[in-house]
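Chemist: Please read through the structure below; I'll follow up with questions.
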Amino acid sequence: MLIRLLFCIWAFWFKVIAAEFQPKVTRTSDSTVFYVAAFDDSTTLLRVQENGMFISFDNGGTWQEPNGAPSGVMMVDIDEHHRHDRAVAQTKDGQFYLTEDQGKHWRSLASPIDSKEYLYCDLDTHPLRRDYFLVRCTKCPEMEMGSSQLIDLHKRDSFMPSCQEFSYVSNNGGKDFKKIESPKHEPSPDTEYLGVTCEFASKSVESTLPSSRDLIYCFDGKMDKWFDNDFTFQTSGVLFYTDDFGKSSKVVDQFKDLTVSNFEVLNSHILVYTLEDRFNRWSASNLWVSSDGFKFSKAFLPTILRDMDTYGTTEDGLGRIILPLYVESEDDNRASQILISDSSGLQFRVLELTPEDNMEFSILEASKTLKGTMWADLMSLVKGPRYSGHPSFDFHQVSKISFDYGSTWSNLKVVASPNHRKDLFTCDINDVDHCSLHKLFGDSLPTETAGILMTLGTVGDGSENSWENLMTFISRDGGKTWEVAFEYPCQFAFGDLGNVIVAMPFSPDEDSDPQSEFYYSLDQGKTWKEYQLEVPIMPTELISTTPDSSGLNFIISSFSLTRDNETPPGSFFYTIDFSDAFNGEVCGPKEFESWYLAGGECVNGAKYSYSRRKQNSQCLVRKLFEDLVLTEEICDECTDKDYECSFGFSRDSNGVCKPDFKPLSFSPECMKSGKDSAKVKPMTKLPGNKCRKELKIEPLEVPCTQGHTILLTENNFNSKIQMYQYFDTKQDETLIIDTARNGVYISHDSGQIVKRFDPGENIVEIVFNTYHNSYAYLFGESGKLYVTANRCQSFAIAELPHSRQLGLPLEFHAKDPNTFIYYGGKNCKDMFSPSCHPVAYITTDGGKSFTKLLDNAIHCEFAGSLFKHPVDENLIYCQVKEPQTRKRTLMSSTDLFRNDKKVVLEKIIGYMNTGEFIVAAVPYGENELRAYVTVDGAELAEAKFPQDLTATKQEAFTVLGSETGSVFFHLTTFDEPGYEYGALLKSNSNGTSFVRLQSAVNRNLFGMVDFEKVQALEGIILINVVDNFEKVGTKTEEKKLKSMITFNDGSDWSYIRAPPKDSDSNSYGCNTKQLEKCSLHLHGYTEREDVRDTSFSGSAFGMLIGIGNVGEYLLPEDQCSTFFSRDGGETWREIKKGAYQWEFGDHGGVIVLVPKNSLTDRIFYSIDMGETWSDYILQGAKVYIQDIVTVPGDSALRFLLIASSSSVTGGSTKTFTVDFSNVFERQCSLNPDRPDNEDFKFFSLGQSDSKCLFGHQERYLMKDNYDCFVGNAPLSEFREITKNCSCTRADFECDYNYVKARDGTCTLVEGLSPAGPSDICKKQPELIEYFQPTGYRKIPLSTCVGGLTLDGVLSPLPCPGKEKEFKELHGVKSAPYFFTFLVFFLVLLVIAWFVYDRGVRRNGGFARFGEIRLDGDDLIENNNTDKMVNSIVKSGFYAASAIFSSYQLLKRSMGRAVWKLSEKFGRRSGPTYSSLLHDQFLDEADDLLTGHDEDANDLGSFLAEQGNFEIEDEDNELPPLRAPFTDEPHMESTETAEPVEPVEPVEPVESAEPTETAEPSSSPPQENYNDEHHDNKDDEQDLGAQ
């Protein structure tokens, strides 16, 4: 009893002494301190401040300048590999200094470069060789040392060429450095060189890589720019190594044909990233892993690596790779996810940490001392959307902890502290799922203590994270539970292995006390004591002087908060010493307890514990520089946690390892078996696991045939997929999937990983920006608009104007992505309220704010941003619907309808834009329409249809597009449901007058037309025509459709040539040479289930696929086969019996087919551009594949199948991502100087041997080898016109009011006469001249030169009454010509006189030249001039004599011949010159155009010479000259034509072919004799081939 009493007295007295204890604190004042560093296991400190570097050997008690200290030190680092004695300092000029004796002495390292040229250099030391140094220097041409510009120095895989990096190595302690050169560096003027960056292959002393200690890995990168745009770069990255310190270097052979983009060295692995596509800097990347530094294997990842920043890659305690992925977008936002590998490093899985898992930032940290413990900090989109009136992002921050190496995760549980008030938290801390600790993002937890941890954070559900609510928390159980230490944020540090803790508020008034203080605890944070400082300070740093937290000394660096206006803020430096705590008492063995990690659970087959001081013990450990010792107890029983899934298996939602068929065939068991299947154990024991009684795991028989090349990923949805769409960009393969019941899902990798977008409300509509491909808009039912500008990497939340959502689409500005129009309903209690009306609102800041644009507007367009040459860039068109009368008006404005508000058309039905034109439908009469067109927004002109269609009641029309400078237009001529068809028309260049191309083109009830224009190939169009339209028009027969094709933009049409044999090599049941009865017919656009599907690909030049049949007419789809063409539709072949859906990939290098409307368990594919086909079996039950899609550019190697379960109709959907990226071993090689030299070849398309289309020969670059893939190689940039061809009939089309006759010629519409000059000149009074039409006009796309001229390129003629102006316009200006002639005449006269004087007159005159001379000695030749003149005179005399003699001879001969002919044919009379011209040369002129280009050439030249050759019989006088195309119908002129000389009337010609007995006629042939008397002997096949 006495002993107990004495013990109590002693304990009480000891507590009194302890309570009175205060640490020893010293303060010094000096210049601003930037940084303090401590050597490990030492009392030596280094301090960098404004006036240099200082050293302390007594834990900061005293400071001095080190011996040989460099001046101007701006940074000092303790060497991470030699922390006890080595440090590196860097001066402002970039010079490195080294100490190897804890700062006592310093020496400079040799400088490998001129520091003025470089922005930044860093130095690496070798963990095992103290004399090895590696220096990396970054050079940025446009940035200077110390620049404030921010750059991402670590992200070398981005291929951003603004900065270059160079590496230098030393093996003699830094006495000299050698630059490491790449073995494949080939600089050129168009190369953006990224430089060489290197790393030692030994990462640390813990490295398990068996590679040489001298081995250095390096990366050399460059970008070659080929064309003047942002997308035609070829990136080149090389991985090489040196093992002799830069004397030689060798490329890693495994990557010599690949494009390396980055590499990283870890303790157990080396990672190498390669670009899948060297022509796309945002390309998907592949990860290669090596565990020995030499042999690399391709890793399998659950997602696509694309433009990733992998900074922070590390390994956990099991050697597994932790791969945080950060995707940076255009607006500097990031998205991230964390991948973790298995122990091999080859199979990764996504670390599922949050329900949303759509993180903006994520950090994963593994503890070095707490085995199995990992922390994760995550930021994701806020779960419940909030909008505070400003355009900020709301983030949801979550903190997680795991005690079993990431197998399971939990929130950080908060427990109540008896020292703090109960209402401290706004949520129930017992509900840990919704009320937990969320630590400050990125705050690293110290782990040098035995489970005693501190952090800053907030308590809640993570949706509200603010500095205002930040508190300081402490844990004594390794993070399982946390309690509040301080209700405000503090800096903190540990000493004596956690038995001494110092904390200091960031601000002195945090505790409502303006004076500064720090707090300390001697019982592991249970109680705290305050130490008041003399002056108020702002602490900048609080550290323990021993990095392992074993010491008892601390340092505080701070700024003074008291100063006058003239004195700059002072700097205070405090040292704190706890050596005298508990009177120096050292803890005995009884004062310790065993603390078990993970609550005593087995971790990797063992229980781990530390021995630590009991919390209330009145002593300190005082074991300076001694690290914690971990105790291990082996566990007997093994559990599933001791195992990981084998390669090729992954855990399902129940934690069971199931086969993952994507990587399974690459498992070691499958690779060794060589068979179609192998037995594989689903689980394997974790490396280093020590549990004794292993689980009995039965092997499973798994297939090994699937997946060797094609990888398949399956996702299941418990709801019908009702919408899916890709973003049309090269950056990634992002798509949005909208389900009927489960909301919206987002995938960035073509559906491999699908994440639900959950803003806390239903999404009712999704709209993609049609002009800016990274933008999309998701409408919430509450009135919020979720805007993404980076393909769903992040969202901004906008508040829509307070109105009812009407479901009208957004209208976008073509040039400004932040400007768009939203339509909302005002005064709408419900949609049928009389006062409910639409209002158009406009935003110009991406949805941050909206302003009212116009009442009652239901459709607006930013017209000024659409046209090539707009009348005003700010022009807006709006369709306004008056609420009462329901009248619709087209209005325009150039100032957002503030002051400028014009009525363009009083009454319209609607309008649309085609990209180049705006077309408005205007009501006309009863149930009739008229079309008005504008090309610049200045004026809408009525579209003039051919005269034979003006009587047609225009009840409906469809605008089909305007890609080639003309509007294609379908005018419905019969619209009875089920019997619809109409005329296909094509406009002139301004869209105001149309010519008819076909009369009965098929359409359906919804206005869709069987019209398909092939992208990337000029002028190729497919249509379906109603062959029996006369009977369909009377509803006596169903439609009989025939397919037709044109290769010259609609001028000539032909039936599609059928293949000679089917896919089974059998002949068809008709003669394929008779196209009228036996041609290929394809189902068209009107039958497409998805209007986005096309028969072609814009990137697969010449490739077409369609469902159809060979015969006289198109058959139902279930009786059809699937056909394929590689030459733009000229020839076809059957590839599959039955109807299939299709999709192109890799520019046509990969084609995938899936059965249509039938159950299937396989797909069919071709990897040789349609030459051969193979099948691939889908695992599982058969499904209905509803659609197959890929990125809009058809350049990817991944396809997405949308399928529905066969057992559930419409209720359950699954997706399959089919990945062909492993099919090809390499990417095709493309040399810009000789693009057709290696894997590519030029191909030409065309219907004849000349290969001419649109007047030129054009070549397309296409893949020629099938063992490589194209990627985003800029093939379209190499498309070239090799030459322009001579014009032929195929380069012309019929002019306005002309139609093509059966013989192929263009004739006037029946009942019309050619327009006279009054028709043209009267309509446009300002005209002075006009041109005579021929009925033809040149196709706008044609570039032909010379050859046939059918388009009326004749001499201009004057308008009536404008003869004077015409002569002035074309008359010759006499004065310039007169003076020119006068000067020439005078010069000639002088020369002639000189020759006459010196050569004729002086030698006796002209008479002397007629004499017979014996010699020429008597000619006067005193000099060379005389000789030359005499020679000229003699030559002229001889030439004149020869001409005169020839004339005399010819005259005699002609006279004799005429006399003989008159004798022989005296009784025959010949035609006059007039009759010869008109009858014999021009009879049957149109015959010359039918199928004979040579004859057409003759006719063209004749037209060019003759002008007019048609004569009216009735009035015996020449008609007015015909004008070219006009917007008015060509009617008979009522004006009196100018009189012309009459001719004799004649009888019309009866025969189309002159004979010997035909009577000659002196009159020209009649106007339309072709239609009546000419027989065309060429069939339509010939016409189509012209």
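Every residue number used here counts from 1 along the chain in the order it is shown.
Cβ atoms here come from the backbone N, Cα and C positions, even for glycine.
Feature list, courtesy of Swiss-Prot:
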TOPO_DOM  20-1374  topological domain 'Lumenal'
REPEAT    401-410  repeat 'BNR 2'
REPEAT    519-529  repeat 'BNR 4'
CARBOHYD  Asn990  N-linked glycosylation site
REPEAT    1164-1174  repeat 'BNR 7'
CARBOHYD  Asn1284  N-linked glycosylation site
REGION    1511-1586  region 'Disordered'
COMPBIAS  1546-1565  compositional bias 'Low complexity'
Chemist: Counting only residues 6+ apart in the same chain, whose Cβ is under 8 Å from the Cβ of Asn990 (N-linked glycosylation site)?
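Modeler: Sequence-distant Cβ neighbours: Val933, Val935, Ala941.
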Chemist: Restricting to the same chain and to residues at least six past its boundaries, which positions have a Cβ under 8 Å from a Cβ of the repeat 'BNR 2' (401-410)?
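Modeler: Residues 316-318, 320, 340, 351, 353, 372-376, 432, 478-480, 597-599, 601, 603-604, 641 contact the repeat 'BNR 2' (401-410) from elsewhere in the chain.
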Chemist: Which numbers of helix, strand and coil residues does DSSP report for the repeat 'BNR 4' (519-529)?
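Modeler: Its residues fall into 0 helix, 4 strand, 7 coil.
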Chemist: Average pLDDT across the repeat 'BNR 4' (519-529)?
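Modeler: Mean model confidence (pLDDT) across the repeat 'BNR 4' (519-529) is 95.
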Chemist: By DSSP, how many residues in the repeat 'BNR 2' (401-410) are helix, how many strand, and how many coil?
Modeler: 0 helix, 3 strand, 7 coil
Chemist: For Asn990 (N-linked glycosylation site), just give me the three-state DSSP call.
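Modeler: In three-state terms, Asn990 (N-linked glycosylation site) counts as coil.
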Chemist: Taking DSSP as the reference, which of helix, strand or coil describes Asn1284 (N-linked glycosylation site)?
Modeler: strand
Chemist: Going along the chain, which residues six or more apart from Asn1284 (N-linked glycosylation site) have their CB under 8 A from its CB?
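Modeler: Expected: Gly1255, His1256, Thr1343, Cys1344, Val1345.
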